[in-house]
Amino acid sequence: MKLSITMKLNGQISIHMFLNTSCCLSVHSEFLDIVDVDMMRMPNEINKTQHHTTFYNSDSLIVRRGQEFQVKITFNRPYKPASDKFAVEFVIGSTPQYSKGTYIPVFPTQERQSSWAGRITNTSENTVTMGITPTPDCIVGKYYMYVAVVTPFGIRRTRKDDSRNLYILFNPWASADAVFLDDETERQECVMNEMGIIYHGAYDDIAERDWNYGQFNYGVLDACLYIMDKAAMPITNRGDPIKVTRKASAMLNSHDDEGVLVGNWTGDYTYGVAPTSWTGSTEILLSYATSKMPVCYAQCWVYAAVFNTFLRCLGIPSRVVTNYYSAHDNDGNLKTDIILHDNGRIDRNRTKDSIWNYHCWNECYMSRPDLPAGFGGWQVVDATPQETSDGMYRCGPASVQAIKHGQMCYPFDAAFVFAEVNSDVVFYSRSKEGTMEPVKVNQTHVGRMVLTKAPGDVTRRDITDQYKFPEGSKEERTVLEKAEEFGCQREKSNPPDADVDLVLPTLEVTVGNDFELSLEFINRSDQRRVVDIYISGSVVYYTGVTSTEFLESSVVPLCSPGVKEVVVVESKNYMKHLVEQANLNFIATGKVKETGQIVTAMKVVTLHNPKLSVELSGGARVSEEMMATVEFTNPFTFGLEGVYIRMEGPGLMMPKSKYYSLIPAGSTLTWTEYFSPLRAGSTRVMVTLDCPALRQVRGQASVTIQP
């Protein structure tokens, strides 16, 4: 006989459950009843250790799909397989349905199985241990669990109890999961590591920014699931990493959907936190989940870092990458256009394209069944709102392999990322009549280098070769020709190189110092050359957008071999115009008098900020009190006003902050915080100091915590 009974859970959810029941159940015999359910959810128990979820600061059971977990069910008497019937039920969403995979009954016998496998792994007196294996493509999110038994009077079901909540995540350890990554070192880095290093600065002066992804911190998993709820993402789509990452790419910015972060590149952060001040993702995600309002403010590395937390928290392998000299052109071609007056000077009014000194995005690892074979693996996703894709500010997932091989038609947004790493910089000379003539093409400036953190180490890893073939190679030419077939315009003309080269030096300059900028001219002809050179020095945002031009200078050197001209740059000229990240952009352009050829050179000088001193003291043992001491001396001749200091550390402390209204010139501040480490292992405390006059001052201290 088959019994079909409709039950109400909490008076809201209608669920159909089908169990084979026997006609010979005696009303007089003691029927099976549920006494206790043990989710085996403690950090040191088998479920969390086998599923790599021990670090999650949560009382609930957290497991990964496609892999067995166990629950213990205690009945009022020993379980009799021949006559007793029970099932473990999992529901997710507001209207669970068996047909949609949002209601899943799991049975203990081989004769009766559903999509999730069930089996009894152990029986001891009245307690049954049941192994349950979710499908490797099941919905990712928060499930409620019930146990139901057949009695002579109908189905008896446990009440809803938060202690039996269950989180199911993506599983990069399971070969049948779409996010399977067959490299344990990479998995440890791209799923389990909380300590990030994000690269910035310039390609020839690389700087590092420490970041606490904090994917295991209390409340972060719920905040990540809330992001999908806020996006009204259908529950049934939440098992597909392609759909999850594309939706999250839109939701991490607030442009069109009240998403997580508000972008701000103005330099005025009065109504929020300066992007350079954040030390990690936890504070941002918890604030968003609590207030239900976008958090102020972010720039590209903040978007990438918080997106990385979201991905790692849900179990999708991910990493933050930095592209040095990232093109952002306004007309969607493969050219970044710089317009010059006929005397060789830049026409700033007509030069609309910008080259970001660097740009950060994410890569996440997954199969791509929607693409031909070979285009799975690392995929670019980018939450920084630059251009719309299908009507929303988002980007990706775009296959890195598709970008490298010029397959620009493959979804999603491969053409946009391809242009970011492959554009040519074209200098045009504009005549007084308005005609434009290309005078120089630089094919190697954009996408100069792509970096990410090396797995299992604190060093960087150059992954440029994953995005493009070597400059000038046969393969590169083939890829660019293929891109043109897809409608991308390139500059076909090849103006002859000038026989005079101009080289600007690589400089390391501390903010507030005067320095010399030497221009080296190399005359490759056997004749005398005179060059009329115009040098422009601007304070620029890292996006390449000019804030203020502080230097205009002309030189007319007579070019014989090894001639150098020196321009003195005084700090008083640039200090009052500095914006965050303290970049100075020098562009030298000019014309060779004898030939009319154009000479150009560009150089970004990243100013180095003073450092914070961070010292840790104490026993360096779990739960034993330690002390972090931060020290900073104001090196300037003026006071620093409105100073915020932030501090946090993975497994050590949640984010803390302190405000100082004024740090007088030459004075020293000291801030001491007490904390007790939560878990053993190598970690670090990360600290930032930030104020309107001085951005991006950082410090960190590493420590190994003993059990």
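Heads up, the Cβ atoms here are built off N, Cα and C, so glycines get one too.
Over in TrEMBL, the protein carries these features:
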type: ACT_SITE; residues: CYS300; note: active site
type: ACT_SITE; residues: HIS359; note: active site
type: ACT_SITE; residues: ASP382; note: active site
type: BINDING; residues: ASN422, ASP424, GLU471, GLU476; note: Ca(2+) binding site
type: DOMAIN; residues: 292-385; note: domain 'Transglutaminase-like'
- Message: Suppose the Ca(2+) site is ASN422, ASP424, GLU471, GLU476. Which further residues of the same chain have a Cβ inside 8 angstroms of that site's Cβ centroid?
- Response: GLN443, THR444, VAL446, GLY447, LYS468, LEU480
- Item | Cα proximity to ASN422 (Ca(2+) binding site), best match among active-site residues CYS300, HIS359, ASP382 | HIS359
- Least buried of the binding-site residues ASP424, GLU471, going by other Cβ atoms within 10 Å? GLU471
- Other C-beta atoms that fall within 10 angstroms of the C-beta of ASP382 (active site): 31
- List only the single closest residue to GLU476 (Ca(2+) binding site), chosen from the active-site residues CYS300, HIS359, ASP382 by CA-CA distance. HIS359
- Message: My understanding is the cutoff is Cβ-Cβ under 8 Å with a sequence separation of 6 or more in the same chain; which residues meet that for CYS300 (active site)?
- Response: TRP356, HIS359, CYS360, TRP361, THR384
- Query: Around ASN422 (Ca(2+) binding site), how many other C-beta atoms are within 10 angstroms of its C-beta?
  - Reply: 23
- Note on the structure: If you measure between the CA atoms of ASP424 (Ca(2+) binding site) and ASP382 (active site) and round to the nearest Å, you get 22
- Query: Which residue counts does DSSP give the domain 'Transglutaminase-like' (292-385) for helix, strand and coil?
  - Reply: 15 helix, 42 strand, 37 coil
- Message: Between the Cα atoms of GLU471 (Ca(2+) binding site) and ASP382 (active site), what distance do you get, rounded to the nearest Å?
- Response: 25
- Among all the protein chains here, how many other CB atoms are within 10 A of the CB of GLU476 (Ca(2+) binding site)? 17
